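Asker: Sharing a structure, written as structure tokens. Questions coming.
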Amino acid sequence: MTEFVINKQNEIKSSTSSNSETPCITKRLDEINSKLSNVLTKSDTDIIKNIIKETLEEIKEKLLASVIKQLEIIESNMFDQQKEISTLKEQLNSKEKEIDAIKQNNQSTIQIFETSINDLEQYGRRNSVRISGLSCDAENQSSIAVAEQTARMINHHLDIQLISKDIDVAHRLGKYVPNKNRPVIVKFVRRQTKIDVMQRANRLKGTNIYVNDDLTKTNAEVLASLRLKDPGRVERAWSREGKLFVKYRGSERSEKVLFDQYKNWLSKPWPKKESTTYAKKASSGANLRSPVKNS
């Protein structure tokens, strides 16, 4: 339209020039042209603004739609992942329960084996006793000499008629040290002989000779723990036929110490005063305490 006006203006100018029109007409045409130009420029600006606005709105809608779609995809993926995580957690919990069950079963099995091994080892010592304080120790002392010496001590102090042939084996324990008497382990031929000796062991009181069950290392440690680790609770503890018994303070009856109680007593700390010497003796299975008490 601007071009049309300009052309018309040129035509008018041409005609006016040829006809020698007055400057007033030219001026008027310039004014009209200027106004028309302004109108057209403003209109064009509005059109451009509208086009830009519409374009931006369209871009905005497309971007928004794209973002929404991406969010939906992300939410869907997150849902799937959360579902998978939940499934994995359930599987993990199930496996942990299975592992706990296996551990408990293994612990029970291990305890059964340990109990069986300890009982079997203790059963192998059913005819044996340990004697401390037996004098006349000597370097390279023979088993026969120890058996004869043991038989004489039992005959004299316990009034049991015993000869060396009633003893299967007897020998000193540990390395010989001058002026010290090593403990003696004695295995009798018959179990009844051991029972008779243990029943009369209290007659040795005041002789500095002590007779005890030949306990396994584990049983000896537990017995030592019972006697030393909790004196405020334990009145006394003893062994009989390889079994451990305890009487608690304030209790009228004694009770047998079960194998599943061993760990609790072994885990208790040793008293500082006696821990070094007695714990060492207990660990070696010496079980060197007062004469055995039978209940």
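Using the three backbone atoms N, Cα and C, a Cβ is placed for every residue, glycine included.
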Asker: What range among 16-35, 76-95, 276-295 does TrEMBL record as region 'Disordered'?
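Answerer: The listed stretch tagged region 'Disordered' in TrEMBL is 276-295.
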Asker: According to TrEMBL, which stretch among 71-105, 211-245 corresponds to the feature coiled coil?
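Answerer: Coiled coil, as annotated by TrEMBL, spans 71-105.
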